Amino acid sequence: MVAFGKKLKDRQIQEWQGYYINYKLMKKRVRQYAQQIDLGTLDRHHVLKDFSRMLDNQIEKIVLFLLEQQGHLASKIEKLGVQHDALQEEPEISKISELREAYRAVGQDLLKLLFFVEINAIGLRKILKKFDKRFGYRFTDYYVKTRANHPYSQLQQVFKHVGLGAVVGALSRNLHELQDREGSSYLSIYDHPTLPLQDPVIDSIKAASDRLTHSTNFLNFLGKHALIVQEELPTPSEEQVDDERYHFMSLLLNLANTFLYMINTYIVVPTADDYSISLGAAPTVCGIIIGAMAVAQVFSSVYFSAWSNKSYFRPLVFSSVALFLGNIFYALAYDFKSIWILLIGRLLCGFGSARAVNRRYISDCVPLRIRMQASAGFVSASALGMACGPALAGVLQTKFKIWKLTFNQDTLPGWVMAVAWVIYLIWLCFTFKEPSRDIEEYHAPNQSNDEENGTLKKGLNQPLLITSEAKIDEDGDQDCDDSEEAAEESRKPANSIRSAYRLLTPSVKVQLLIYFMLKYVMEILLSESSVITSYYFNWKTSQVSIFLACLGLTVLPVNIIVGSYISNMFEDRQILLVSELMVCIGVVLSFNIIFPYSQPQYICSGLLLFVSAEVLEGVNLALLSRVMSSRLSRGTYNGGLLSTEAGTIARVIADGTITLAGYLGQSRILNVTLIPSLFITISSIFATFYTYNSLY
């Protein structure tokens, strides 16, 4: 991908050329500041003052032109409104058609203006990030807060496109009234908000407006859980490639794979301890049974990610076959009385984890206009699968034999999932469409979401001046020369785990530590639930299943509340710290120390811990998607793979901890497993506090 400065120049509307942000001049000025500070001829105060003044002038130029163009559009819509009113009295089909085309022409002008605002907003974010990165200042946070919160804010015009919403609304309403009945009957979009807007120009305006808004809402918040990043400035050719590669049924199959895999992961949790006892092992061996799948997933994530560079269909077929065989082995272990067959079955299930393929398919083959919806669907499928798994285990409370095969609560999860994967495999073979690979070379790498969502949260605590030897930053913009070949080199994805790790900044490492922590404590809570509840409360499998299903069902409501309300009232870093503290409190309340351990204590502390961890996961991944290098957005060793590996390793260690703690006896397993949870939680809180205290 070419540098942003060149892309900005290529995408400018020629007649508006003088009103765009002068990105090249500002980048040059940043280099001059660096040289002058290096020589000692300029101090910090002068740099901040001069750069602020330059930004103010650039924004004022953009905003005044924007207001002028808004006035032109409003004037055109007003004149068309007069004609619209006249047609209400005497409808004529030909004039209605002409009026609709006139409104569409205004819509095309509005699209041009929306794109003008978008490209300037991106340029402003990039130059602010470049300034912070070069000098180590926390200037972005200061500048945006002081300008955005001022009563005469011009920055709000750029970031929130104040005023354009009214133009969009007027155009949408009038086109909607003309679209179906050719003026003979009018249905207002305000009276009937569920009516579809079928006019293509309205769809384009809505997509452009949504891409520009960047406000935190539930869909964006949930979609970021998947760490599938959006392209910030797609070219028409890239959008066309997306459309050519997209196939709805193939996307649905990827989401179904995610859903079934999560069911397969958690369907064994309520009965794993009983199964291990029936095979002559200790109940705490359930940690190994549950964790075996995660152990295999550590390796499968890498080869599936690499495989998805060449194909999507074949990895999904392999995944289905591996999971089918794994579940057959899991079910047959009961009649063979072999714990090893059971573990082999769980390992095979882990080797069939195709979540990397599911994520890559959305990233590579779903059009930009619906990629966030697909990402949210990916997360929702995972959450529903997590809730359905234990619930399904609770339903399978029966026992019978067919020939020499036993079907009971221990083996039925294996048999049911084996049948499910056979059905899925048949569906996959008949309906999946492999995307064409001959157009992939034109599919530009995705950008990091840090440009898309603002740079308020980004400002590394680096030395005062970063030497000019690093000529190309992570965005592909060059500081000292315009070598496109060098810029192209800087955009290549990481080619190994080691090179990917080198791209991680301190803030990204902290986010991955937080992700490791929350996955660890959640796995401890879920995996040992059957052992703890049967020991302390004599819960049956059905009761454990209901408890775990209820925990899983909290995922979507919690994300709705956080994504739609809480994240709009508080900064992400504030939610991050508070949710970490709540996880810590949940862990502390889970200890059995003084009072007799009771069901209300276990349920309330577990619910607090799980919900807080869910909130933490959403905010953490949203932040991670913004601070991660754009080079980790594509390729085999991408950001999604790194986060998956961090979470999977956490689950493996947690399940191993449960099994090891079992050697000390069931009476001690609760406190012994909670001690490392508490230690990791406190460590992540200190790391978060230190990192964000230095950044802000």
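Each residue, glycine too, has its Cβ placed from N, Cα and C.
Remember, TrEMBL labels are computer predictions, not curated facts.
The domain 'SPX' feature in TrEMBL is assigned to 2-145.
Annotation comment: TrEMBL describes 251-269 (among others) as transmembrane segment.
Here TrEMBL flags 281-304 (among others) as transmembrane segment.
TrEMBL lists 316-333 (among others) with the feature transmembrane segment.
Residues or ranges marked as transmembrane segment in TrEMBL: 339-357 (among others). For the transmembrane segment (339-357), same-chain residues at least 6 beyond its ends with a Cβ under 8 Å from one of its own Cβ atoms are 254, 257-258, 261, 264-265, 268, 275-276, 279-281, 285, 288-290, 292-297, 299-302, 304-305, 307-308, 312, 315-316, 318-323, 325-333, 414, 640-641, 644.
Summarising the annotation, TrEMBL assigns transmembrane segment to 378-400 (among others). Remote same-chain residues near the transmembrane segment (378-400) are listed as 222-223, 225-226, 228, 254-256, 258-271, 358-359, 362, 406-409, 412-413, 416, 541-542, 544-549, 551-553, 555-556, 559 (criterion: CB distance under 8 Å, separation of at least six residues from the stretch ends).
Marked as transmembrane segment by TrEMBL: 412-430 (among others).
Counting residues 6+ beyond its ends, the transmembrane segment (512-537) has Cβ neighbours under 8 Å at 266, 269-274, 283-284, 286-287, 290-291, 504, 543-544, 547-548, 551, 576, 580, 583, 586-587, 590, 592, 597, 599, 602, 606, 609-610, 613, 616-617, 620-621, 624, 642-643, 646-651, 653-655, 657-658, 662, 666-667, 669-670, 673-674, 676-677, 680-681, 683-684, 687-688 in the same chain. Here TrEMBL flags 512-537 (among others) as transmembrane segment.
The annotation transmembrane segment is assigned in TrEMBL to 543-563 (among others).
Taken from TrEMBL, the feature transmembrane segment covers 575-594 (among others).
Marked as transmembrane segment by TrEMBL: 600-624 (among others).
Beyond the transmembrane segment (669-692), the same-chain residues lying 6 or more positions past its ends with a Cβ under 8 Å from any Cβ of the stretch are 284, 506-507, 510, 513-514, 516-517, 520-521, 524, 528, 531-532, 535-536, 573, 576-577, 580-581, 583-584, 587-588, 590-593, 597, 654, 657-658, 661-662. Annotation source TrEMBL lists transmembrane segment at 669-692 (among others).
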Secondary structure composition of the domain 'SPX' (2-145) [DSSP: H/G/I, E/B, coil]: 127 helix, 0 strand, 17 coil
Ranked first among 281-304, 316-333, 543-563, 600-624 for CB pairs under 8 angstroms with the transmembrane segment (575-594): 600-624
